Structures are given as structure tokens and as C-alpha cells.
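Visitor: Starting off with a structure, shown below.
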Amino acid sequence: MSIKSDKWIRYMAQAHGIIEPFEPRQIREANNARIISYGTSSYGYDIRCSNEFKIFTNINSAVVDPKNFDASSFVDVQSDVCIIPPNSFALARTVEYFRIPRSVLTICLGKSTYARCGIIVNITPLEPEWEGHVTLEFSNTTPLPAKVYANEGVAQVVFFESDELCETSYRDRSGKYQGQTGVTLPKA
């Protein structure tokens with residue numbers, strides 16, 4: 001299994017639509033202002049979060065249960081900035097829609113800009129033949145409110161290609177998050 005370069009990422013995005021919309025280079029500025037970078041990097045792709053957020057709140061004194069998650073535990077927000085309460089979290093989705101080839105597995109890692117502020121981005125691997133918008137989880141580990149910026153870089157996707165095809169892909173086993181298009185809550 002080998003890590004894939006910027007050349008491979010550009011080719012696969014442009015010829016096979018594995019990332020849409022796709023930015024073939026790193027973008028570090030918008031409207032004459034510095035932003036948290038996104039786009040193609042040397043050995044990965046820096047993804048953006050959309051302006052759709054679900055901010056966790058415990059107004060109902062709920063117990064967090066991944067098998068029976070209470071959707072009313074979230075407040076829906078559409079904004080260019082998400083303010084996450086202290087020691088809480090928010091969900092969002094990527095701007096980019098992914099179509100992962102059968103021979104590829106991706107690992108997603110949070111950007112250091114957020115990590116150095118106590119904001120942790122958690123994303124599970126994108127499995128072979130999975131497709132959809134990626135649901136992002138932002139944990140604010142600080143005792144203060146924390147900002148996440150929409151349409152700017154939040155994490156990096158690193159692509160690994162296997163030397164042989166898997167027997168069963170995410171699509172083959174009808175994965176429960178296949179084709180997701182919005183911020184998707186846990187499914188048991």
C-alpha cells in the first residue's frame with residue numbers, strides 16, 4: 001500500500017471525479033484575506049467544511065447514546081463561522097463530495113491550525129467505494145468558546161492505494177453512510 005502524490009490526486013479528481021468540487025492547488029487567500037488553506041497538497045487534499053453546522057447542547061439533559069442518538073441534542077446553524085461552546089462539539093460536512101476508488105483507503109487528519117487552538121477534528125477513514133459528503137466532528141477541548149470557519153481548510157485527506165483489490169468494499173456491504181449528502185447523525 002502506498003501513499004498517493006499530488007499528481008495522482010489531480011489526475012483522479014479531474015479524470016474520475018473522486019473529489020468535487022476540486023481545487024488543483026493550495027488556496028491560502030480569498031478576497032485579499034488570509035484563510036486556513038485548502039486544496040491539493042504534496043501528498044493529500046485539504047478539505048473544507050460547509051456552512052451547515054449542528055452544535056451539541058444538553059438542553060434536554062440527554063444521555064449520549066450512539067445506538068439511540070437524540071437529534072434534539074443539536075441546534076442547527078447555518079453561518080460562515082460556528083462557535084462551539086466550551087468542552088462541547090459540533091458536526092459539519094465537507095464542501096467536497098468524495099468517490100473513493102475500490103483500491104483506495106483514505107485517512108483524515110485535522111489541520112494543525114485548529115489542533116494548536118484545542119480544536120480537534122475527528123473523521124473516520126473513507127473506505128473503498130464509499131461516496132458522499134464527509135461528516136466532520138469538531139471537539140472544543142478548551143474552557144472557552146471556539147470558532148470554526150466555513151469554506152476554509154479543516155483537515156487533510158491522505159490517499160493510500162493497495163496493491164490488490166479488497167474482496168468486499170463499503171458499497172458491496174451496503175454501508176449505512178453510503179451516499180450521505182448532509183450532516184449525518186449516528187446510525188446504529
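Even glycines carry a Cβ here, placed using N, Cα and C.
According to Swiss-Prot:
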ACT_SITE  Glu137  active site, proton donor/acceptor
BINDING   Lys111, Ser112, Thr113, Tyr114, Ala115, Arg116, Thr135, Leu136, Glu137, Gln156, Tyr170, Gln180  dCTP binding site
Visitor: Near Tyr170 (dCTP binding site), how many other Cβ atoms are within 10 Å of its Cβ?
Guide: 21
Visitor: Once the DSSP letters are reduced so that anything not helix or strand counts as coil, what is Thr113 (dCTP binding site)?
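Guide: For Thr113 (dCTP binding site) - judged by DSSP and reduced to three states - the answer is helix.
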Visitor: Relative to the Cβ of the residue listed as 'active site, proton donor/acceptor', which residues of the same chain, six or more apart in sequence, are found under 8 Å away?
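Guide: Within the chain, the residue listed as 'active site, proton donor/acceptor' has Cβ neighbours under 8 Å at Phe89, Ala90, Leu91, Val121, Asn122, Ile123.
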Visitor: Sort out the sequence-distant neighbours of Thr113 (dCTP binding site) for me: same chain, 6+ apart, CB within less than 8 Å of its CB, listed by position.
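Guide: Residues satisfying the criterion: Ile36, Gly153.
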Visitor: If you count Cβ atoms within 10 Å of the Cβ of Thr135 (dCTP binding site), leaving out that atom itself, what do you get?
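Guide: So the Cβ neighbour count for Thr135 (dCTP binding site) comes to 20.
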Visitor: What is the one among the binding-site residues Lys111, Ala115 whose Cβ has the most other Cβ atoms less than or equal to 10 Å away?
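Guide: Within the set of binding-site residues, the most crowded position is Lys111.
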Visitor: List nothing but the largest Cα to Cα distance in Å, as a whole number, among the residues Lys111, Ser112, Thr113, Tyr114, Ala115, Arg116, Thr135, Leu136, Glu137, Gln156, Tyr170, Gln180 that the record says bind dCTP.
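Guide: Across Lys111, Ser112, Thr113, Tyr114, Ala115, Arg116, Thr135, Leu136, Glu137, Gln156, Tyr170, Gln180, the two farthest Cα atoms sit 33 Å apart.
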